[in-house]
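Everything below concerns the one structure shown next.
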Amino acid sequence: MDFRLNEEQQMLQDTVARLVRGEYSFEKRLEYSESELGFSADFWKQLGGLGLTAVPFPEELGGFGGTGVEVQSVMTELGRGLCIEPYLQSVVLGGGLISQAGNSEQQEQWLGGIASGEVRAAVGLQEPQSFYNLNDVETRAEKSGEGYTLHGRKAVVIGGHCADVLVVSARTSGDSRDAEGISLFLVPADAEGLERRTYPTIDGSKGCDLVLNDVKLGPDALLGEEGKAADVIEYQTGRAISALCGEAVGAMEVACDLTLDYLKQRKQFGVPIGKFQVLQHRMVDMMSELEQARSMAILAASVADEPQSDERRRILAAAKNVIGRSGQFISEQGIQSHGGIGMTWEYNFAHYAKRLIMINHQLGDDDFHLERYAALLQ
Amino acid sequence: MNLNYTAEELAFRDEVRAFLDEKLPADIAAKVKGFRRLSKEDHQRWQKILNEQGWYATHWPEEYGGVNWSPVQKHIWDEESSRYGAPRSVPFGVNMVAPVIIKFGTEEQKQRYLPRILSGEDWWCQGYSEPGAGSDLASLKTRAVRDGDHYIVNGQKTWTTLGQHANMIFCLVRTNTEVKAQEGISFLLIDMDTPGITVRPIITLDGEHEVNEVFFEDVKVPVENLVGEEDKGWTYAKYLLTYERTGLAGIGISKAALQHLKELATRRIKNGRPLIEDASFSQRIARVEIDLMAAGISNLRIIASVEGGGMPGAESSMLKVRGTEIRQTINDLARRALGPYAIPFVEEEMDLDYDGDFLSDENAAPVTPQYFNNRKLSIFGGSNEIQKNIVSKMILGL
């Protein structure tokens, strides 16, 4: 058994780490975050130029044919840098759904651009009433002529504000919350009847809600088999959960490092506050939460690209449950250990805390995944 | 044993309710209940109404314009005003510096400052913490050097809540460096318009401007602004901190926040049903409601013992820890209730006069910022770690 990255995986991670260190100071991140685009177009270009947006794609698309481990290597470093580029949405989720469900024309049309970073995708899978259940789809896709007409609303589409193409779930048959009858559609950003309500997110990136007012799409917009998308969505969000685990571990590593440094530097009562046992034990608890999260991230990566099974489902639910809890513990206890300074905008810790708490609100929180896991108990 | 209010206390509660029904402005109550930010004008408007009723200074003796309520009456007021969505009074003038001036100040200081606090003419802020003096407050370094009829003050204060609105600040300053840290501190009242004072905002993680840094550069403060004796400020500071700690448990606010959470969970949908009907979520709500019930009774036990002539001691430290944890849990659950909609930061919806469509729920926008902002509860007013130190020392003798 060997838990280390192999040489190529390590090189990949080092490449991302170098890039992030060079380009992504905390001050620059605040600038990127406040820009209209909501992230750095230049950094995104560099991710593309270095082949990093192509990591999970096959070699003919300039990729590595990377699996969960390689994707996590990238995401961990993006998490350490608190990067806000839409890698998860475009490369992992958008690219993943098109790779799995798309026919050869669709793959040809979109994947090259997504892999090179020239095209950005985002995914609209949630709805106002869906909470975290992605089978809770009320957006309707009615047959009209050769194609479809979409009507409904998709909620909290991170990166959707600047995506060139949106992968959207809609119901072609069945009742809300049926797994059967969900279909996926490729919706170009400039489709008539598509409205985006754009907003900043609390953790510094941007997203939108999509309002689909009778958006008319051709037959080539259907991604995969009609009515059979639920399994595809579940599989690809599983890959995305593994990727998010990587990001979370990266962010938790930095949050723990910052807290430990502070405990050593900050003096009160004539000694570094790290001399106080209550803070020592809290720091140890934070580190063991990080280790729990790291272990589950590794496990998640190992099944991310395996064929679907209850075992894969269990592991991914467990991993997302653990990183949700660890992330919240490290955020809250880290702020507490810092005192007032941990509450300020000017100091980076709070931004890590906000990102970690919001990771728990992406793709299902710890309660949601606990329930999923319980339903799969053997 | 009797856990009920007396007939007089019930009559008082009716009087409080009638007053709130009649006088509490609806727009202010809506802001408080929806966790929206209050302006300086909102605070001042409510203070004026309270002062006209004679109910602003609940901690003062009657001779200075106070109400002289019993501890139970104060409790009834806290409960009812939280329930109605009345703003809590900004404490720095009326509940912090005023009791110190009343107990230790000169007659002149009482005559000058107390009426101005009642009328709202002065807005006070607190100059205690410094960058190097947080939990270890006695290590503060801001210097005041006597020069004829003045002190010359140099240094920096931080975490000054609502200092941007204040025209007066009460400060702990070091007047003697030759003695033990606690013995060289004095308590000064400083006009914020004095040359040499600079206020710089500190923006918190939720993007709010609530706290500030205050810099002092050769600030001339008349000696008559010294409270009590020189070098005895630590005694006054500690006296003030017992006032600060009262009410930090925030039982009344937690009850209002819990109600807000339940309403939110009734409107949010999970699997086609109201979230509040979800087994695991309703149990999470039930658990925090039970904790709050227990803390509420603990609070009443302290109040009853004070009513009987006792002093609130380290018990209020225990209650501060519990009370703040409970409120943070309620904020955590409200954030969870939003599901994916916890992520958008829709600042415009936080304004009461917002008239566009709400992204998810009319009360959603302040929920996540509030969760982050209220991480402060376990840090300020003596961090929860410091409160536990007090309990282990004072009650347990450890």
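Each residue, glycine too, has its Cβ placed from N, Cα and C.
As given in TrEMBL:
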- B:6-121: domain 'Acyl-CoA dehydrogenase/oxidase N-terminal' (DOMAIN)
- B:125-219: domain 'Acyl-CoA oxidase/dehydrogenase middle' (DOMAIN)
- B:231-395: domain 'Acyl-CoA dehydrogenase/oxidase C-terminal' (DOMAIN)
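Confidence annotation: the domain 'Acyl-CoA dehydrogenase/oxidase N-terminal' (B:6-121) carries a mean pLDDT of 94 in the model.
Counting residues of the domain 'Acyl-CoA dehydrogenase/oxidase N-terminal' (B:6-121) by DSSP class, helix then strand then coil, yields 83 helix, 0 strand, 33 coil. In the domain 'Acyl-CoA oxidase/dehydrogenase middle' (B:125-219), helix, strand and coil residues by DSSP number 10 helix, 51 strand, 34 coil.
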